[in-house]
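Asker: Heads up, here are the entries from Swiss-Prot:
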type	residues	note
REGION	1-403	region 'Carboxyphosphate synthetic domain'
BINDING	Arg129, Arg169, Gly175, Gly176, Gln208, Val210, Glu215, Gly241, Val242, His243, Gln285, Glu299	ATP 1 binding site
BINDING	Gln285, Glu299	Mg(2+) 1 binding site
BINDING	Gln285, Glu299	Mn(2+) 1 binding site
BINDING	Glu299, Asn301	Mn(2+) 2 binding site
BINDING	Glu299, Asn301	Mg(2+) 2 binding site
REGION	404-548	region 'Oligomerization domain'
REGION	549-930	region 'Carbamoyl phosphate synthetic domain'
DOMAIN	673-864	domain 'ATP-grasp 2'
BINDING	Arg709, His748, Leu750, Glu755, Gly780, Ile781, His782, Ser783, Gln823, Glu835	ATP 2 binding site
BINDING	Gln823, Glu835	Mn(2+) 3 binding site
BINDING	Gln823, Glu835	Mg(2+) 3 binding site
BINDING	Glu835, Asn837	Mg(2+) 4 binding site
BINDING	Glu835, Asn837	Mn(2+) 4 binding site
DOMAIN	931-1068	domain 'MGS-like'
REGION	931-1068	region 'Allosteric domain'
Amino acid sequence: MPKRTDINTILIIGAGPIVIGQACEFDYSGAQACKALREEGYKVVLVNSNPATIMTDPDMADVTYIEPIEWRTVEKIIEKERPDAILPTMGGQTALNCALDLSKNGVLKKYNVELIGAKEDAIDKAEDRGRFKEAMEKIGLSTPKSFVCHTLEEAWAAQSEVGFPTLIRPSFTMGGSGGGIAYNKDEFYAICERGFDASPTHELLIEQSVLGWKEYEMEVVRDKADNCIIVCSIENFDPMGVHTGDSITVAPAQTLTDKEYQIMRNASIAVLREIGVDTGGSNVQFAINPENGEMIVIEMNPRVSRSSALASKATGFPIAKVAAKLAVGYTLNELRNDITGGLIPASFEPSIDYVVTKVPRFAFEKFPQADDRLTTQMKSVGEVMAMGRTFQESLQKALRGLETGICGFNLMSEEPEKIRQELGNPGPIRILYVADAFGAGFTLDEVHHYSKIDPWFLIQIQDLVLEELALEKRTLDDLDYAELRRLKRKGFSDKRIAQLTKSAESAVRNKRVSLNLHPVYKRVDTCAGEFTSDTAYLYSTYEEECESRPSDKKKIMILGGGPNRIGQGIEFDYCCVHASLALREAGFETIMVNCNPETVSTDFDTSDRLYFEPLTLEDVLEIIHVEKPHGVIVHYGGQTPLKLANDLHANGVNIIGTSADSIDAAEDRERFQQILHKLHLKQPTNRTARNAEEAVKLAEEVGYPLVVRPSYVLGGRAMQIVYNVDELQRYMREAVSVSNDSPILLDHFLNNAIEVDVDCICDGAEVVIGGIMQHIEQAGIHSGDSACSLPPYSLSQEVQDEIRRQTAEMAFALGVKGLMNVQFAVQDGVIYVLEVNPRASRTVPFVSKATGRPLAKIAARVMAGESLKAQGIQGEVIPPFYSVKEAVFPFIKFPGVDTVLGPEMRSTGEVMGVGTTFAEAFLKAQLGANERIPKTGKVFLSVNDADKPRLLPIARQLQESGYGLCATLGTAKFLREHGVAVQIINKVREGRPNIVDAIKNGEIAMVINTVSGLAETVTDGHAIRRSALQQKVFLQTTLAGAEALAGSVEYLADSEVYSLQDLHQRLL
């Protein structure tokens, strides 16, 4: 049946900020859905609070709202836009929960809006653990023995039925939030309490453990005529007990017999029918008992998910696009398969003639206090995918694509005890310990016994380890063409061969080139080569025939950002996509290189050609060897491609835009100082120390407080602010190893300075300022973690003009061609330069949305040789409204981690709020970050002595807005002396009931708590902040943030919703 004509306007709900468990895969699905529905002539209205997404670009939907995804706000949008239908399956758990809220609160009924893609009942049946279990029983499928509970008493009674270890799963959450595995009574109670808090329906499933069973997923698409296809089967390398988002996964499934596969295929289709998903994609998870083959259903997601993004990239079948079209009435046989140029219908099940491996990327180095053991609660922040002709090849490519410094099975430990521990209690790099076990002489049975990983996978790794052990006894000269080719076919990188044969990577590359041994490139075509494909979606392998068929057009290659991690996320992918779009418009053929399956940049139609490859020097040079591009852009993917700039340059690659030398001048401390000196610009006093004694001596010259950091940071405990010599010595002892090669940098810390971020574009002849952002949190907090306002909300015009002048001078002095970001600190009217990055920064998408000017596109054309003047870009756009960017943090996933912000970045994502005043924009940004700000209630205040005078006006303002105040003794005494009525409450160590009790009992509406020194944070403050986080109480740990909050609460009652298109209209 063709599409529906009874609906005209469709509202798509996005996923909001990037958090653990919900990353940029939903930008990919949402962007596809917008394109698909507009193609069909529908009017598309979009709501998403995340400005760093492609889907919120003003030309993706007809009307775009960057507003909080919360049912009251969405109701205002529905009232204004009057959509006929809502598509809630493209925005992860956030969108599903919002759609259910709209239904429960009568909004859908009131405005006569229907849900398409998944009905209320289907969502509820899949997400409500109790109903799902009943539905499975009805169709004769087993689920683990389990009980639905709503109180701790019920949960404990259920536990005695299922025994330890016990699985605890909250309802209506994603990424396993709040859940876990309990091995004893104490852990059980702790996880249950956390789980009840996490579940919006206060409901848990207490489940029998199937730890050690094999885990599989099926990606299913169904249409309303009941046609079903399996897009992809996925097998988890890690057995049950590790969240699938934290598991290494392989597609297609490797260890199922054909009969088992057919049984699972039929079961997954039956699940969709019973749940009632009648249009679109779902994923169904199964577990199989390796002892006897018993199969059970674990859960299903009635929406596109992280796995469906992976399945789309693994097969080339665009699940989200197809699901969007099915939701408006099409059937699978009416849709064509794009990748084959429409030769076959979408009802053909994809078949693949290669192996895909996904490996998760973790960020535990940012959270040293976090527990890095993997359980049913997801902890990874990103992932990398690789393709090869064999599992071994794709696994080795994925490992080197992670960018964690490994290029193969690098040795972690030779201690049998340590290895046993790591095999049985998985952490982020268990696979390397599997290799170590074989290296240390463990048998296959022993490794299987401890790890429960399927023997088929273990044999593959054992074989690679034996290859490595043999290679260590040889030299590079010993290897002939046949042996080198055999190693390359198993996925060994030049770098790993060099390490094992004790030679240089360049020597291995030169030998390979002299033997004319290069990879060939194969196409991803959904049909295993059965039909021809014009789509250049390619991966490398060492075989005979190359399918790349490069053109002789003028082309530019863009290097992407690799796996998401903290500090390098979706913002950089956004810039890469924009570069590709702009250069295509300018008439170039564009080539994208990236290995992140979640992103829009790795969509097969974003660029003319896509190479799904790791971003290492070897892999990039091989693609350049085949494609011979006119130029390469390294400035848009964050640190990943930037690190390759010098080596690419040395290998004769033409880097367009800002040169490798200019990048180095900005990054090299001493060269940069000389430039600032020449321009008469100020920097905070700084010194470089090469040993501990020197550091203590130089610290006196610089003056405390200091920001200390190693000059060469490899993750790790990078930066700290130290207030005295004891803290400095402790940092030197514990955090860093200092030497001549890796000195330590000491900067004077500007206390209570205002930090300012500037993005600009320079074409060599002129500089155009993109935007000036004033940070809300004081300097010393990482710019990626601080909220910021565009335009600035309290900087004087003189200071802003001087910042503009200094920015332009530095851009010219560095010879920038393209984007540049500068961070300044302003203290008592004096401007200091903190750092300069001659590349795309993480604020580019935010500035582009706030000013209506697509900076990344403009700069890409500058890099390709088109001046700003020729593009008609002149002067700065200063909007007549305020935009505030706020950071979103993953603290709730890491019990034990303090929420205090510092110079080390820890946020995973961002949101944006827009308002006619700074206060309105700030409030909307807080709501967008899922903060609950009540209109009434008690505010708890506890600040250090230095902050007390600044607290006074805040306390008065909150009181005038109708809040009650309570404080610890010192703060209360100060406020009372100045005539503010406040109730006194005990500190944690002053007896019960204390502040933590009050927070847990729901008596506190908001907490304002600043830190003093290091010792106190460990005890009182930490307990207060942690309990506020767990009880979802709004928490401010900086006074600047508290000031902004106090000024904005008046907007709680009523704030407007503004569409991006209307805002940009005002700028003309």
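Placed from the backbone N, Cα and C atoms, the Cβ positions cover glycine too.
Small disclaimer: the values here were computed from a predicted structure and weren't measured.
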Asker: Under 8 Å Cβ to Cβ from Gln823 (ATP 2 binding site), same chain, six or more residues apart: give me those in sequence order, or none if nothing qualifies.
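Answerer: Result: Glu755, Val756, Asp757, Val758, Ser783, Val833, Leu834, Glu835, Val836.
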Asker: Say you check the Cα of Gln208 (ATP 1 binding site) against those of the binding-site residues Glu299, Leu750, His782; which is nearest?
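Answerer: Nearest listed residue in space: Glu299.
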Asker: At its widest, how many Å does the recorded ATP 2 site span between Cα atoms of Arg709, His748, Leu750, Glu755, Gly780, Ile781, His782, Ser783, Gln823, Glu835?
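Answerer: So the binding residues stretch over 19 Å, Cα to Cα.
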Asker: Across all the protein chains here, work out how many other Cβ atoms are within 10 Å of the Cβ of Glu835 (Mn(2+) 3 binding site).
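Answerer: Here the count is 14.
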Asker: According to DSSP, which of helix, strand or coil covers Gly780 (ATP 2 binding site)?
Answerer: coil
Asker: Using DSSP, break the domain 'MGS-like' (931-1068) down into helix, strand and coil residues and give each count.
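Answerer: Helix (H, G, I), strand (E, B), coil: 70 helix, 21 strand, 47 coil.
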Asker: May I ask which residues of the same chain, at least 6 positions away in sequence, place their Cβ under 8 angstroms from the Cβ of Asn301 (Mn(2+) 2 binding site)?
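Answerer: Spatial neighbours, sequence-distant, of Asn301 (Mn(2+) 2 binding site): Ala126, Ser282, Asn283, Ser307.
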Asker: Tell me the coarse DSSP state (helix, strand, coil) of Val242 (ATP 1 binding site).
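Answerer: Going by the DSSP assignment, Val242 (ATP 1 binding site) belongs to neither helix nor strand, so it counts as coil.
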Asker: DSSP on the region 'Oligomerization domain' (404-548): how many residues come out helix, how many strand, how many coil?
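Answerer: Looking at the region 'Oligomerization domain' (404-548) with DSSP, the answer is 74 helix, 11 strand, 60 coil.
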Asker: Using DSSP and collapsing to three states, where does Asn301 (Mn(2+) 2 binding site) fall: helix, strand or coil?
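Answerer: For Asn301 (Mn(2+) 2 binding site) - judged by DSSP and reduced to three states - the answer is strand.
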Asker: Per residue, counting other C-beta atoms within 10 angstroms of the C-beta, which of the binding-site residues Glu215, Glu299 reaches the highest number?
Answerer: Glu215
Asker: Could you measure between Leu750 (ATP 2 binding site) and Asn837 (Mg(2+) 4 binding site) for me? Cα positions, answer in whole angstrom.
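Answerer: Rounded to the nearest whole number, the Cα-Cα distance is 20 Å.
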Asker: Nearest by CA distance to Val242 (ATP 1 binding site): which of the binding-site residues is it, out of Glu299, Arg709, Gly780, His782, Asn837?
Answerer: Glu299
Asker: Just name the winner among Val242, Leu750 (the binding-site residues) by count of other CB atoms within 10 A of its CB.
Answerer: Val242
Asker: Mean pLDDT across the region 'Allosteric domain' (931-1068), rounded to an integer, is what?
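Answerer: Within the region 'Allosteric domain' (931-1068), the model's average pLDDT equals 87.
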Asker: Which residues in the same chain, at least 6 apart in sequence, have a Cβ under 8 Å from the Cβ of His782 (ATP 2 binding site)?
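Answerer: When sequence neighbours closer than 6 are ignored, His782 (ATP 2 binding site) has Leu901, Gly902, Pro903, Glu904, Met905, Arg906 within Cβ distance under 8 Å.
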Asker: According to DSSP, which kind of secondary structure is Gln823 (ATP 2 binding site) found in, if we only use helix, strand and coil?
Answerer: strand
Asker: Please report how many Å separate the Cα atom of Glu215 (ATP 1 binding site) from that of Glu299 (Mg(2+) 1 binding site), as a whole number.
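Answerer: With distance taken Cα to Cα, Glu299 (Mg(2+) 1 binding site) is 11 Å from Glu215 (ATP 1 binding site).
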Asker: Rounded to a whole number, how many Å is the Cα of Asn837 (Mg(2+) 4 binding site) away from the Cα of Gly780 (ATP 2 binding site)?
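Answerer: One finds 18 Å between the Cα atoms of these residues.
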